[in-house]
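Trainee: So that we are looking at the same thing, I have put the structure below in structure tokens.
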């Protein structure tokens, strides 16, 4: 064995003393991060990796220096401790569940062979070299070398398990599909491969019991080696926030420098004249050092401009959004009993910004429930159905398999000629189904006499074996060396000589069997492109006919396989078996040697025919794709199916339509041919301008095969391919490998800078799911690998529309509104200190009471903005689905960007100017009702603080688009809590207890009982809010967003419906005809049409129109609407005139929408 000493593992069975010399890991796993002792230091260390937390720790240290701090230390430590505590509680909770899971796993029981006796041991006590007994349905405790089984013949019989043997193998690694090693036992040497291993986490099935030798334990097992940390995905808003926080920090430094310069000038020009009254501190000996200290003092005072609670607030909001996804009953599948699950909390708002969806086909767009539909045997096609056959006729034509007691009662087939061929004994038809009953890896379980249950690795195999079963070739059971089949009632046992298994590269599977008569035959099934190359030349005519049948099946959207066989002589088999044995024992390049051996035997085969399996579309797929297309989301299908099948599914789900100008087919086999095809197909798209892109994006589609895609993804051609693909409305990549799926996603991420989403259901989709910005797993028939690798999971593709258009859009909207308001309120609060600096000699004195500074962000303003960030909506969920164009602002990043950030900052600075100048100007000349002047620092501070809390509360009330009881409670409750705490802190009680801490005793009561103070607060509030209201009203009237238009139309509709019963009563005298009110359903649509795609469509209309370019169906829709209006108007006149006898006149007013060529018609 060619392992380097440092790169090999030696394991001796039943010899713990020998194995412990190597200090192999034990079987105890630990996925938790902390324990009771390490939690506090480790968690704090992790939290202070965040720049914001480290920054505030630095500020806290500065505040402990008396010469530069004008604030008490608790103004920083209280918010900091609160943020650290919330994060620590979250981390501790997560780690507690990890500990709980670890303990549950580590304390499972196993039967370990010790001194010849089976003893129960906890998993954590199992060691490398131990021999373990497993029983049916038990979990595998560690990575085991299978030694003996009651169902499987292996290297060591059960009776010899105590005899010492030694294994030399590769070191621990994360490669699940390979294992290389050698077993030395009784002076014999046995080559070991992945076929000999049982991996931790698997469950033993269909086997009564088995024994295994522990090779890898605990953290060294393949499962744990693959459970490394998933790559952390960050949203575009996260990246923008980090940039903005750095900008804010730079702005803080600039303000500190400006005020420090002001301090230096003031101390030199003015302060030096008052040394007798205001002497410098003993440590300050000149104005420059005073300015240096003032800089740090202002950094402390103005630190709230850098939001300490921003990140923890964002995490709380994201957690709330994740729960909404988990609790959505409309994304719950009753049939599967599977809810939607947000497996991450960090990507919710990015769901509202998706531009590209990459989807698998089988199991994602389709149900992955396979049914044997058609077949071609020796050039004869079976299973064709007459067009127009009704359901009743089909049920009548369904074949009767009652002659076969082992038939599956749910199996349906409608072509009697195939059953007749079986009964007539046609040899090739028998051979066809014999192949299906032998060439597979299905396991059979007979629960009772005649009741067979097949457990297949894939639904395709299950469907094929079930078809053979119903047509009389029943797979009954298997052992490692035999396969038992009941052929037309006669049991036959074949010797299984070799299995040449399927993989993504071979795309075929073969078995070599020996019949009871001694005849050796290889049976093979696989993809047509690969099998046709390996057929004997005499099959050319039959291959042409079968190819025609395959094209027909693929055009019907069926999944196809080709079947072939080869007879082997005894000498051929022995020669090849020796070659196979040599390849299996090879210490290195074993996989390559096996592939070469397989290639040699799978030649000169005879064609039998082909199978066609139907995989129906999932419910709601066409409507979902149409709706997402209207939301300007491009959908690319990446599938391993052949081109014809993929194209047919594209038409079925409305990705491709007959109205398209052209469907590009890229099928070249060389670099040059692919480049030429791309350039021919992309005549208008090779260097598309934005206007040209818009003009052609709805009329073209691109279909490219896997071998062409391999060339198109090369560095010198990838941009050309991407430019062509991006101007197409639909892209279908067929015959692609899992790696190619990931490369396509990476290509779009790299060059388009767009948010990508990948959705799939199988292990071959994992790389694509992990590569995309957002990964969605469909929990279906192919296990849970895709779900485990995903960020979100559910059971039906149609739920994707709610995930994106409802939850994703709302999450993006809420997060953007939260961030805009958060930065606004912090700047409005902090900048008052900056303006005050120019009036206090730049002495770093604060405007507010230090307790107000402490509580502003954690009590007075925290809960309202959290409520808005969690619950806010602009339009109801149904409107989000009816008007998919509402999704576009997220794709264009319109709601929160650098421009919106500066607008929020400007509003906050404007508010701070008003909050400082208005009270300062009024109170400097004002007197109280008792004649005492109000121009004192404490009155000014209370007035400014009260004005600030009221203004930001009114502002968030204006920003809230969807009111709940929680919003009311938090907004008005926060306002009430401010006054409660204010009066409490200015009370005599606290002053008598803490006289050195509460200096503003009685000030709140004295200030807020003055009418002029309330007039000042009202004036400041009006000056802050009225410009915002005026701007929003003008914007709503002059340049409304689509959401504003939809919301206004929804309100009008609600009002109209509330008035409708009275109108019905007055017009009801002529009868109960609904035509009298037909126009009420059309009124108001004119305001909603900003482009052709903004019309509200039913699901049927979506499915019909979504696949066409807007310019082609808007005209049709306009003519249809006009015709309906004219006819309905005539009918209404006739109805009203005949009912009341009075002349009713009406006129049409065509209102032309700006930017749209479709007028809205109002009656």
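Cβ coordinates come from backbone N, Cα and C, glycine included.
The model shown is predicted, which means the values in this text are computed figures rather than measured ones.
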Trainee: Using TrEMBL as the reference, determine which range in 788-808, 851-871, 872-892 is annotated transmembrane segment.
Mentor: 851-871
Trainee: Looking at the candidate ranges 14-32, 33-51, 52-70, 71-89, report the one that TrEMBL labels transmembrane segment.
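Mentor: Per TrEMBL, the stretch marked transmembrane segment is 71-89.
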Trainee: In TrEMBL, which of 286-312, 367-393, 394-420, 421-447 is labelled transmembrane segment?
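Mentor: When 286-312, 367-393, 394-420, 421-447 are checked in TrEMBL, transmembrane segment belongs to 286-312.
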Trainee: Scan 970-993, 1042-1065, 1066-1089 against TrEMBL and say which stretch is down as transmembrane segment.
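Mentor: It is 970-993 that TrEMBL describes as transmembrane segment.
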Trainee: Given the ranges 683-704, 705-726, 1013-1034, which one is assigned the annotation transmembrane segment in TrEMBL?
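Mentor: Among 683-704, 705-726, 1013-1034, the range TrEMBL annotates as transmembrane segment is 1013-1034.
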Trainee: Any idea which of 659-680, 901-922, 1099-1120 is down as transmembrane segment in TrEMBL?
Mentor: 901-922
Trainee: According to TrEMBL, transmembrane segment applies to one of these ranges: 244-266, 336-358, 474-496. Which one is it?
Mentor: 244-266
Trainee: With a 10 Å radius around each C-beta, find which of these binding-site residues (559, 735) has the fewest other C-beta atoms nearby.
Mentor: 735
Trainee: Go through the chain and flag residues at least 6 beyond the ends of the transmembrane segment (818-839) whose CB is under 8 A from any CB in it; none is fine as an answer.
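Mentor: The answer is 237, 241, 244, 255, 259, 262, 298, 301-302, 304-305, 307, 310, 313-314, 317, 845-848, 856-857, 861, 865-866, 868-869, 896, 900-901, 904-905, 907-909, 911-913, 915-917, 920, 944, 948, 951-952, 955-956, 959.
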Trainee: Taking just the CA atoms, what is the gap between residue 640 (ATP binding site) and residue 765 (Mg(2+) binding site) in Å?
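Mentor: Distance between the two Cα atoms comes out at 11 Å.
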Trainee: Quick one: Cα separation, residue 765 (Mg(2+) binding site) versus residue 502 (ATP binding site), in Å?
Mentor: 18
Trainee: Give the distance between the Cα atoms of residue 360 (ATP binding site) and residue 761 (Mg(2+) binding site), rounded to the nearest whole Å.
Mentor: 8
Trainee: What residues elsewhere in the chain lie close to the transmembrane segment (851-871), defined as a C-beta under 8 angstroms and at least 6 residues from its ends?
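Mentor: Hits for the transmembrane segment (851-871): 71, 74-75, 78-79, 82, 304, 307-309, 313, 316-317, 320-321, 814-815, 817-818, 821-822, 825-826, 829, 945, 949, 952-953, 956, 959-960, 962, 964, 966-967, 970-971, 973-974, 977-978, 981-982, 985.
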Trainee: Looking only at residues six or more beyond either end of the transmembrane segment (901-922), which have a C-beta under 8 A from one in the stretch?
Mentor: 244, 819-821, 823-832, 834-836, 839, 847, 940, 943-944, 947-948, 951, 1012, 1015-1016, 1019-1020, 1023-1024, 1027-1028
Trainee: From the Cα of residue 761 (Mg(2+) binding site) across to the Cα of residue 559 (ATP binding site), what is the distance in angstrom?
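Mentor: Answer for this pair: 17 Å between alpha carbons.
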Trainee: On a C-alpha basis, identify the one among 362, 502, 735 that is nearest to residue 761 (Mg(2+) binding site); the candidates are the binding-site residues.
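Mentor: With Cα distances computed to residue 761 (Mg(2+) binding site), the winner among 362, 502, 735 is 362.
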